[in-house]
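Residues or ranges marked as transmembrane segment in TrEMBL: 21-40, 76-97, 130-152, 185-208. What TrEMBL lists as domain 'Connexin N-terminal' is 42-75. The domain 'Connexin cysteine-rich' annotation in TrEMBL covers 140-207.
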Amino acid sequence: MDWKMLEALLSGVNKYSTVFGRIWLSVVFVFRVMVFVVAAERVWIDDQKDFDCNTRQPGCANACYDHFFPISHTRIWAIQLIFITCPSFMVVMHVAYREERERKYRITHGENARLYDNTGQKHGGLWWTYLLNLFFKTAIEVAFLYLLHLIYNNFDLPRRVVCDLWPCPNQVDCYIGRPTEKRVFTYFMVGASAVCIVLNVCEIFYLIAIRVLRLSHRGSLHASPKKRCSEPDWNGCQTPAADYQKGNEADFNIEEKSTSIF
């Protein structure tokens with residue numbers, strides 16, 4: 001697994017993230033990627049060799065190990081870390097698409113012409129892309145937590161397991177190597193994943209709240225005054241004609257900037 005590519009991808013998305021997104025990125029790198037690479041992966045490196053059964057029947061230990069460990073914790077976490085970064089490609093690709101449109105627009109209309117105030121600003125289509133990215137990441141995190149819970153019975157690793165599978169001659173006891181250490185790392189990684197889920201949910205609500213506030217502010221700009229003023233009867237109205245005209249111009253500018261959905 002190329003962790004440098006993963007870091008470059010997430011660092012690129014970090015430029016367009018909110019404060020919750022930056023905290024999420026720190027949690028992923030410090031408490032998940034670093035712990036996984038430095039410590040957790042080494043704990044499971046000789047997992048099958050440390051799985052001992054009280055029988056010398058050929059194939060019995062392998063059959064029991066495959067039954068109780070259908071997929072290694074480290075492989076689940078590696079696939080999970082890859083999958084939660086995949087939705088970030090949508091944001092990077094959308095920003096690249098905006099930059100290309102901006103480049104073509106300047107070629108056509110001159111160097112001083114601008115199609116976007118900021119190609120990485122989360123408005124229009126990019127806002128929806130970023131929101132979908134958060135929903136996908138949250139769904140992936142929840143799915144992998146449920147998968148780990150389903151396979152390993154509430155994330156637990158017992159010291160002894162009882163196996164009666166073929167080709168074992170009878171019911172045999174098998175012992176997992178370093179179960180306490182593996183249980184600690186499992187709970188730690190599950191806790192870090194839960195924190196990432198909470199951060200994603202907070203960022204979703206934050207983006208929606210900011211969007212609602214902007215729409216309500218835009219709606220207040222659209223609201224027409226009770227009485228439109230004119231120069232002759234200025235004293236009997238609530239909004240001067242000059243101020244009303246300025247409000248219309250500001251409203252038009254906001255409308256013009258928000259027309260592009262991409």
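Just so you know, glycine gets a Cβ as well, placed from its N, Cα and C.
Predicted automatically and left uncurated, TrEMBL annotations should be read as such.
Model, not experiment: these values are computed from the prediction.
Of the ranges 21-40, 76-97, 185-208, the one with the most Cβ pairs under 8 Å to the transmembrane segment (130-152) is 185-208. Across the residues of the domain 'Connexin N-terminal' (42-75), the predicted structure has a mean pLDDT of 85.
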